[in-house]
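First up is the structure itself, then whatever we jot down about it.
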């Protein structure tokens, strides 16, 4: 009597029609802002020779990752908000799971690299051009993508080897590891611990590295704040906002096996939609050089 699940039903954020229309309007505008804002940053950095420092190179890569991260979940969510039956085939669900963790973990590593870049610029300014050379930047960015791929392929392989014979209802608006593996017809005790130690510890470890780097920056410039240091601190402040929006929800979601709450799907909105929306706003409104380049463009 064994039968394999061929599709999953996504319950989405709400089953009330009025709320679905409201959510569609809000998230359509948010997704449009993500695409236009981050594309504008990429074009600005690529076309202005004045924005050739490692910080802007990393910012350009962050904007590209934000576009990819939001595009994994937002288009599907927008379609489902206007659909009566919110079904996704098994292969599509696994693909969404893979790409979400691929770009999501790559963004975690990239934000950590950006914090290291700020630490080097502020605490070791004389060695900055040597440490953060163009070759070093490319190596760091490629390492972020490689680390994201290794993390994601591990999560995906742990998921697809499980048997799924029903039920097939996911209380979320996208396929993620935790809600999917809980539908498996098998004991997932070990799998959940492996998932938590993978996703959860990566989120927590990167966050602790970021906090440490900002602490070292504050300690190193204590009592000798010049105009350049104030500018660097302003950049770090905007970085802290992005880090908080992205990492805290991820740690809350992925670092607790055997436990889910009904409001988890609303917390997921923060790091899949809200954080990519905030990135172009924070980095452009608080950065005079980027704003001037955009006006020239």
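Heads up, the Cβ atoms here are built off N, Cα and C, so glycines get one too.
Automatic prediction, not curation, is the source of TrEMBL annotations.
What you see is a predicted model, and the numbers here were worked out from it, not measured in a lab.
The following features are taken from TrEMBL:
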TRANSMEM  20-43  transmembrane segment
DOMAIN    37-283  domain 'G-protein coupled receptors family 1 profile'
TRANSMEM  55-74  transmembrane segment
TRANSMEM  94-114  transmembrane segment
TRANSMEM  135-154  transmembrane segment
TRANSMEM  201-221  transmembrane segment
TRANSMEM  233-254  transmembrane segment
TRANSMEM  266-285  transmembrane segment
What stretch, picked from 55-74, 135-154, 201-221, has the most CB pairs under 8 A with the transmembrane segment (266-285)?
55-74
Most Cβ pairs under 8 Å with the transmembrane segment (135-154), selected from 55-74, 94-114, 201-221:
94-114
Other than its close neighbours in sequence, what residues sit by the transmembrane segment (55-74), given a CB gap under 8 Å and a spacing of at least six beyond its ends?
27, 30-31, 34-35, 37-39, 41-42, 45-46, 96, 99-100, 103-104, 106-107, 110-111, 113-114, 117-118, 121, 134, 137, 141, 144, 173-174, 235, 272-273, 275-276, 279-280, 283, 290
